[in-house]
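*Asks:* Here's a structure for you.
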Amino acid sequence: MAIWEQLEVSKAHVAYACVGVFSSIFSLVSLYVKEKLYIGESTVAGIFGLIVGPVCLNWFNPLKWGNSDSITLEITRIVLCLQIFAVAVELPRKYMLKHWVSVTMLLLPVMTAGWLIIGLFVWILIPGLNFSASLLISACITATDPILAQSVVSGKFAQRVPGHLRNLLSAESGCNDGMAFPFLFLSMNLILHPGNGREIVKDWICVTILYECLFGCLLGCFIGYVGRITIRFAEKKNIIDRESFLAFYVVLAFMCAGFGSILGVDDLLVSFAAGATFAWDGWFSQKTQESNVSTVIDLLLNYAYFIYFGAIIPWSQFNNGEIGTNVWRLIILSIVVIFLRRIPAVMILRPLIPDIKSWREALFVGHFGPIGVGAIFAAILARGELESTFSDEPTPLNVVPSKEESKHWQLIACIWPITCFFIVTSIIVHGSSVAIITLGRHLNTITLTKTFTTHTTNGDNGKSSWMQRLPSLDKAGRSFSLHRMDTQMTLSGDEGEAEEGGGRKGLAGGEDEEGLNNDQIGSVATSGIPARPAGGMPRRRKLSRKEKRLNRRQKLRNKGREIFSSRSKNEMYDDDELNDLGRERLQKEKEARAATFALSTAVNTQRNEEIGMGGDEEEDEYTPEKEYSDNYNNTPSFESSERSSSLRGRTYVPRNRYDGEETESEIESEDEMENESERSMASSEERRIRKMKEEEMKPGTAYLDGNRMIIENKQGEILNQVDIEDRNEARDDEVSVDSTAHSSLTTTMTNLSSSSGGRLKRILTPTSLGKIHSLVDKGKDKNKNSKYHAFKIDNLLIIENEDGDVIKRYKINPHKSDDDKSKNRPRNDSVVSRALTAVGLKSKANSGVPPPVDEEKAIEGPSRKGPGMLKKRTLTPAPPRGVQDSLDLEDEPSSEEDLGDSYNMDDSEDYDDNAYESETEFERQRRLNALGEMTAPADQDDEELPPLPVEAQTGNDGPGTAEGKKKQKSAAVKSALSKTLGLNK
């Protein structure tokens with residue numbers, strides 16, 4: 001068949017086209033495949049490589065490119081070095097120092113146990129192999145793969161995995177690829193030197209352990225340290241651009257692969273040590289946390305590599321009885337690998353691994369040990385070492401060596417297909433485990449939702465009783481406001497100031513969350529109602545001598561600053577058309593004025609100290625020198641903070657600006673400026689480290705594992721653990737939805753406040769979905785059909801999406817409406833309450849403890865009327881209550897015993913008879929005088945009217961009737977009380 005001569009088809013060109021077509025198509029649907037189907041790119045790329053490979057279409061066949069062993073080994077080396085370096089860089093700051101115990105337990109005992117167990121089963125199931133050869137095959141699959149582990153480390157499913165487990169799996173997958181070398185070469189020495197124990201031990205300890213592993217770690221630490229120092233120096237001097245800065249770690253990964261291969265050390269361990277040292281202080285991760293250049297490079301390499309692997313899988317050798325790779329043997333071995341390689345060892349060693357908190361976490365860590373690229377690298381490396389004993393030319397992967405060439409021909413022939421079968425099994429099992437777990441949770445959620453809806457829906461408008469206990473957001477009768485709660489701020493030395501200024505710093509300005517700066521995001525927002533002290537008027541605090549002196553000095557400083565700034569501003573803008581020379585002259589004049597200003601302060605330093613030690617009489621004296629001294633000591637900003645900091649401690653000598661010679665004072669001032677800049681850089685580094693430590697102490701996520709709640713920061717470090725004790729066990733279906741989360745939180749560490757011990761309510765289907773949509777960010781989720789779940793903990797309202805992600809946190813602050821102010825509040829011991837009870841305006845039955853108010857009725861407001869609603873009266877408004885209307889978190893009980901009994905979920909308010917002051921003797925006399933029970937001497941200037949005689953009282957019902965007397969007495973009391981309370985003005 002003739003082909004048009006213009007078409008130049010080659011193997012490399014076809015490979016480029018296949019990789020490009022797959023990458024473009026998969027990129028278009030990558031979000032759906034990863035976030036909805038929970039399938040990683042490695043699985044899909046392997047399937048595509050199988051389709052276009054020699055098994056199906058035969059478009060892409062790397063086995064015909066020539067030396068396939070060497071090509072596969074070098075491609076695998078580069079991919080592994082990049083991935084391992086990236087894993088080490090993305091670990092939290094100083095992670096290996098803080099968690100070396102957990103990582104060591106997973107590397108040494110867990111890997112050793114898996115190596116021995118799998119080697120034993122390979123020896124049993126594969127005929128013709130001795131135990132040493134079986135250990136070599138087992139050593140190839142001992143390490144876990146950092147690429148396949150990304151399915152549980154990053155992505156949507158990773159948000160459901162605790163952060164400390166994600167970090168542990170990442171660190172382990174990066175380390176154990178390099179730590180597989182001791183197991184690999186120990187097995188190799190057992191095969192090559194049988195019966196020669198001295199040679200085996202000497203070669204394994206001196207060459208493998210000390211040189212390849214230990215020296216490789218030191219080499220990696222050196223490369224990482226030098227890279228960190230040089231990139232910080234380049235960034236400090238501003239001689240590196242942004243693109244090179246982001247791609248610098250890729251360069252270091254290539255450097256590790258190159259020098260590690262040249263020196264013959266464990267280049268995978270070199271890459272991990274270099275990455276951990278390079279990102280040891282967290283500076284590089286902080287600088288590159290918003291950019292994803294490294295992720296893009298890794299993604300492209302993963303696409304290409306797994307397409308390549310899918311094309312070279314030896315499917316024809318998976319059922320080759322000549323070398324012992326029957327398919328049923330391989331299936332049994334795969335089941336053994338999945339269940340016995342890691343799970344038993346991790347479950348047994350769980351008490352010795354600090355980062356594994358429960359048996360469920362131990363099972364999860366034991367299961368997610370995927371086999372991938374590291375196994376390919378180890379298998380080809382072991383095959384090449386065995387072939388080097390009898391030939392300099394490596395045997396291709398798809399060729400079975402003859403029995404005459406080497407006595408290890410079966411091991412050379414079967415090590416590659418057995419390893420590839422384990423990799424395919426791991427991709428299928430571990431790649432689909434995430435989807436299966438998520439599907440199981442989804443089905444479980446659907447079943448629970450149907451059960452709750454069927455058994456608990458009743459009442460008006462199809463609402464359930466457990467839903468009615470929440471403050472409904474679609475009612476207008478109850479006035480309350482929702483404010484974002486503080487989930488990011490760390491209380492430091494300005495804690496009291498932040499609390500007092502919460503109303504000013506809150507999100508009350510109507511700004512969107514994206515438009516706020518870092519200081520405003522996460523600040524505490526209050527209801528805007530200032531706390532009213534007892535008596536109605538806050539007491540003015542007397543200032544001490546020191547505070548008066550500081551206030552007086554502050555006024556003088558402000559005055560001097562205004563004079564200086566106005567003078568410089570007027571001089572600056574006298575001429576609108578200044579050339580470059582004029583601008584430079586103005587700048588020098590301003591610097592000269594600043595120098596003179598600072599010079600005058602140095603002359604009067606001693607006098608300032610005498611003035612500061614004097615009394616209030618000495619402080620009343622005001623001189624210009626004192627003003628300058630105060631301004632100097634407090635370092636005012638003239639034009640910029642840099643200039644003001646450079647003026648501190650400098651001595652200036654006035655001279656002509658046209659002189660060409662420099663004085664000694666100017667040279668000294670330049671040296672001091674350099675020292676000042678160095679000190680400022682050191683202080684900025686200290687501030688950065690302090691800020692990073694504060695970020696590490698901020699709680700980010702809480703995970704519930706049985707009766708234990710684990711609180712982590714954003715980096716996955718565990719901050720606290722809380723034990724949850726269930727109090728109510730047996731309830732009916734309806735009550736269980738509302739009250740199964742009745743629990744008390746017992747603090748096992750020290751960083752958790754008692755406010756976290758509230759009881760939990762969950763809404764599965766909110767009543768007003770439109771209102772909930774208005775509470776969440778519109779930019780995050782514009783789909784109005786999505787579900788939201790709300791949790792109420794005391795007066796906190798937490799809104800989550802259907803994936804369990806927290807969208808918003810709000811604080812419910814009840815407000816006093818006009819109707820509420822006009823209503824009678826139950827006051828048992830107050831004068832007004834007793835007076836109204838005595839005249840019959842208030843029934844004695846209502847004078848006691850008020851009946852429980854249905855919260856649903858209270859929410860609906862005055863539109864609903866019933867016997868439980870309070871009457872609306874405008875005659876005698878109640879004085880300000882002694883208790884605060886808006887509920888604060890600080891009012892919660894601090895001990896767990898009080899926490900369990902202090903809050904009742906069925907009550908909307910707590911009424912306390914002792915919350916009001918007892919009646920004084922003077923108030924009692926006034927009350928009795930107003931009621932006519934007691935006669936007191938009265939003057940003409942008294943504001944109260946004397947009680948009317950009974951015989952003078954008249955009414956519509958006649959003077960002698962009981963009803964008339966009652967109304968007349970009521971009118972007199974109303975008049976007296978109105979005058980007393982200041983209503984008749």
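Heads up, the Cβ atoms here are built off N, Cα and C, so glycines get one too.
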*Asks:* In Swiss-Prot, is Arg198 on the same membrane side as Leu63?
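*Replies:* Same side, per Swiss-Prot.
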*Asks:* Swiss-Prot annotation phosphoserine: which of Ser68, Ser173, Ser294, Ser568 has it?
*Replies:* Ser568
*Asks:* According to Swiss-Prot, which residue out of Ser736, Ser774, Ser918 bears the annotation phosphoserine?
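*Replies:* Candidates were Ser736, Ser774, Ser918; Swiss-Prot attaches phosphoserine to Ser774.
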*Asks:* Taking the transmembrane segment (129-149) as the first stretch and the transmembrane segment (362-382) as the second, find out whether 3 or more Cβ pairs fall under 8 Å, excluding pairs closer than 6 in sequence.
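*Replies:* Counting Cβ pairs under 8 Å, at least 3, so yes.
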*Asks:* If you average pLDDT over the topological domain 'Extracellular' (150-176), what do you get?
*Replies:* 83
*Asks:* Considering only Cβ pairs within less than 8 angstroms, which of the stretches 71-91, 245-265, 295-315, 320-340 has the most against the transmembrane segment (13-33)?
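*Replies:* Highest pair count goes to 295-315.
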*Asks:* Where else in the chain does the topological domain 'Extracellular' (150-176) make close Cβ contacts, counting only residues six or more beyond its ends and a cut-off under 8 Å?
*Replies:* 34-35, 38, 40, 84, 87-88, 90-92, 95-96, 99, 102-103, 106-107, 111, 142-144, 269, 272, 275, 355-357, 361, 364-365, 368, 374, 430-431, 434, 437-438, 700-701, 703, 710, 712-718, 803-805
*Asks:* Should anything in the same chain at least six residues away from the topological domain 'Extracellular' (92-105) have a Cβ under 8 Å from its Cβ atoms, list it; otherwise answer none.
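*Replies:* Residues 167-168, 171-172, 175, 276, 279-282, 285, 349, 352-356, 692, 696, 715-717 contact the topological domain 'Extracellular' (92-105) from elsewhere in the chain.
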